[in-house]
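**Q** Straight out of Swiss-Prot:
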BINDING   11, 12, 19, 90, 91, 92, 100, 125, 126, 127, 128, 129, 130, 131  ATP binding site
BINDING   11, 43, 75, 89  substrate binding site
SITE      19  site 'Transition state stabilizer'
């Protein structure tokens, strides 16, 4: 059997300690892990895709089996092109599960060869989202425990602090 390849998709605008926790845990399970940075047209991003990719590359530099790429279109198609057999998704709460289950079911319908793996977020990050980080930062709240240090600095620059 060849390498176990997985994809973790997301907008990561910005990457949080919760995202990083899921990436680090998945990197222990899979031989190759692609972090697919999505350009979600329904969201107005704080950071460009390129900026997000660079931040993720920096905070995952200690993980030699992690590759960071941009992706568009269906995640299941991207996963198939990369030879992945798994899509990894982090779950914060039961409310996440309902939405993620619908996506996983659709992905399975589109490509039965690719499984979705749900990873429960560490409880200390169960409340955390990129949107929340941006909102707190916008109002000068302390986000230093919520994001990696270099991401914190980048956010401070964006909000001109």
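For all residues, glycine too, the Cβ spot is worked out from N, Cα and C.
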**Q** What three-state class does DSSP give residue 128 (ATP binding site)?
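**A** In the DSSP reduction, residue 128 (ATP binding site) maps to coil.
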**Q** If you measure residue 100 (ATP binding site) to residue 89 (substrate binding site) at Cα, how many Å is it?
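**A** Roughly 8 Å, rounded to the nearest whole number.
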**Q** Going along the chain, which residues six or more apart from residue 126 (ATP binding site) have their CB under 8 A from its CB?
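**A** Result: 92, 93.
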**Q** Measuring Cα to Cα, how far is residue 89 (substrate binding site) from residue 19 (ATP binding site) in Å?
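**A** Cα of residue 89 (substrate binding site) to Cα of residue 19 (ATP binding site) measures 10 Å after rounding.
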**Q** So, in DSSP terms, is residue 100 (ATP binding site) helix, strand, or coil?
**A** helix
**Q** Between residue 91 (ATP binding site) and residue 75 (substrate binding site), what is the CA-CA distance rounded to a whole number of Å?
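**A** A Cα-Cα distance of 17 Å.
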**Q** When you rank 11, 19, 128, 130 by Cα distance to residue 75 (substrate binding site), which of the binding-site residues ends up on top as the closest?
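**A** If we rank 11, 19, 128, 130 by Cα distance to residue 75 (substrate binding site), first place goes to 11.
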**Q** What's the number of neighbouring CB atoms sitting within 10 A of the CB on residue 19 (ATP binding site)?
**A** 26
**Q** List the same-chain residues at least 6 positions away in sequence whose Cβ sits under 8 Å from the Cβ of residue 130 (ATP binding site), in sequence order, or say none.
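**A** Correct list: 11, 12, 13, 14, 15, 16, 19.
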**Q** Would you identify which of the binding-site residues 11, 75 has the most other C-beta atoms lying within 10 angstroms of its C-beta?
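**A** By the 10 Å Cβ neighbour count, 75 comes out on top.
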**Q** Under 8 Å Cβ to Cβ from residue 128 (ATP binding site), same chain, six or more residues apart: give me those in sequence order, or none if nothing qualifies.
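**A** Residues satisfying the criterion: 16, 17, 18, 92, 121, 146.
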